[in-house]
Amino acid sequence: MLSLASSPLAFAPFAQPLHPNLAPAAAGVRMETLADLDALSAKLNPALTPMRFDPLNLAEADFWGSGAEATIGFLRHSEIKHGRIAMFAFVGYIVQANGLHFPFQLTTSGITYADISAAGSPPEQWDALPTAAKIQIFGAISFLELIGERSDLLEAQGGKHYMMGGKPGVYPSLKSAGVPHPVPFDLYDPFGLSKNKTPESKARGLVSEINNGRLAMLGIIGFLSEAKIPGSVPALTGLIKPYAGEPMGPFSATDSLPFVNEMLTWKTDFF
C-alpha cells in the first residue's frame with residue numbers, strides 16, 4: 001500500500017481531556033476461554049480450520065503472568081489485527097504491482113508517486129521511498145498502535161482492553177479520543193455502516209473477517225516468498241517479479257538512518 005499512502009504527516013502528542021459525554025465503561029466483562037475458541041473454530045470455514053489450530057499450545061500459555069484468559073484475548077486480538085493489515089497489504093501489493101498510483105507529488109522536493117511506482121515491484125517501491133517518508137509511515141503506525149492500546153480510551157467509550165475482558169478487535173473511536181487535532185472519520189467503520197447491525201450480523205461478519213484475514217496473511221506471504229525465491233510458490237511462478245533485496249528488512253544501506261549500515265552486518269546463521 002506504500003504507493004497509495006498519503007503524504008508523510010507529523011503527529012503532536014495528545015494531551016486534551018477525554019470527551020465528557022462518552023458512555024461509561026461497561027460494568028460487566030467476559031474473558032474468553034478455550035471453550036470459546038472451540039466454539040469459534042466450529043463456525044469458521046472447515047477448509048481453513050477443521051479444528052482449533054494451535055500446535056504450540058499458545059492458547060494454554062500464560063503471557064506476562066496475566067493468566068490464560070488474558071493470553072487468549074491477546075492472541076485473538078493479534079490475529080484479527082494482523083488479518084486486517086494483511087488484507088490491506090494483499091490488495092496493496094496487487095495495486096502497486098500493476099503500476100497504479102496517485103497522480104500528485106509525494107514530497108515537497110518534487111518526488112512524485114509516479115517516480116516511486118516506476119521503481120519496480122512493491123518491495124522495490126518501498127526501497128525507493130525517501131528515508132523521511134519511511135520514518136513518518138512508521139510514526140503513523142506507532143500513533144495508531146498507542147491509541148489502540150490505551151485502556152482509558154476504551155473504558156471511556158464503554159469497553160475494556162482486550163486482555164481485561166474487552167472484545168478482541170475493537171478499536172477506540174478517534175473522534176472521541178481527545179486527540180487535539182480534529183479527526184473527521186474513525187479508523188474502524190469510518191462511515192458508520194455497521195453501527196445499526198444486529199449482534200447476529202456482527203458475529204457473522206467477524207467470522208468472515210477472520211477467514212479472509214487468514215487467507216490474506218497466506219496471500220501476502222506467498223507474494224513475498226515468490227518474489228524472494230522464484231518458484232517457491234508454484235501457483236505464482238512467472239506472475240511475481242523477483243526481488244533481490246530483503247523483504248523482511250524495512251531499512252537498507254540507502255537509508256540515512258543512524259546505525260543502519262552497522263545493523264545490516266549483524267547476521268546470524270540459524271541453519
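We count from 1, first residue shown onward.
Note: Cβ is positioned from N, Cα and C throughout, glycine not excepted.
As annotated by TrEMBL, chlorophyll a binding site applies to GLU79, HIS82, GLU209, ASN212, ARG214. The annotation chlorophyll b binding site is assigned in TrEMBL to ARG84, SER142.
Here the features listed in TrEMBL are placed on the structure.
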residue: GLU79; record: chlorophyll a binding site; CB count, 10 Å: 16
residue: HIS82; record: chlorophyll a binding site; CB count, 10 Å: 15
residue: ARG84; record: chlorophyll b binding site; CB count, 10 Å: 17
residue: SER142; record: chlorophyll b binding site; CB count, 10 Å: 11
residue: GLU209; record: chlorophyll a binding site; CB count, 10 Å: 15
residue: ASN212; record: chlorophyll a binding site; CB count, 10 Å: 17
residue: ARG214; record: chlorophyll a binding site; CB count, 10 Å: 19
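Looking at ASN212 (chlorophyll a binding site) and ARG84 (chlorophyll b binding site), their Cα atoms lie 9 Å from each other. Counting in whole angstrom, GLU209 (chlorophyll a binding site) lies 8 from ARG84 (chlorophyll b binding site) by their C-alpha atoms.
A Cα-Cα distance of 18 Å separates GLU79 (chlorophyll a binding site) from SER142 (chlorophyll b binding site). Between the CA atoms of SER142 (chlorophyll b binding site) and ARG214 (chlorophyll a binding site) there is a gap of 23 Å, rounded to the nearest whole number. Each residue in ILE80, GLY83, ARG84, ALA86, MET87, ILE210, ASN211, GLY213, LEU215, ALA216, MET217 lies on the same chain as GLU79, HIS82, GLU209, ASN212, ARG214 and has a C-beta within 8 Å of the C-beta centroid of that chlorophyll a site, without being one of the site residues. The binding residues for chlorophyll a are recorded as GLU79, HIS82, GLU209, ASN212, ARG214; their greatest pairwise CA distance is 11 Å.
Distance noted between the C-alpha atoms of ARG84 (chlorophyll b binding site) and ARG214 (chlorophyll a binding site) is 9 Å.
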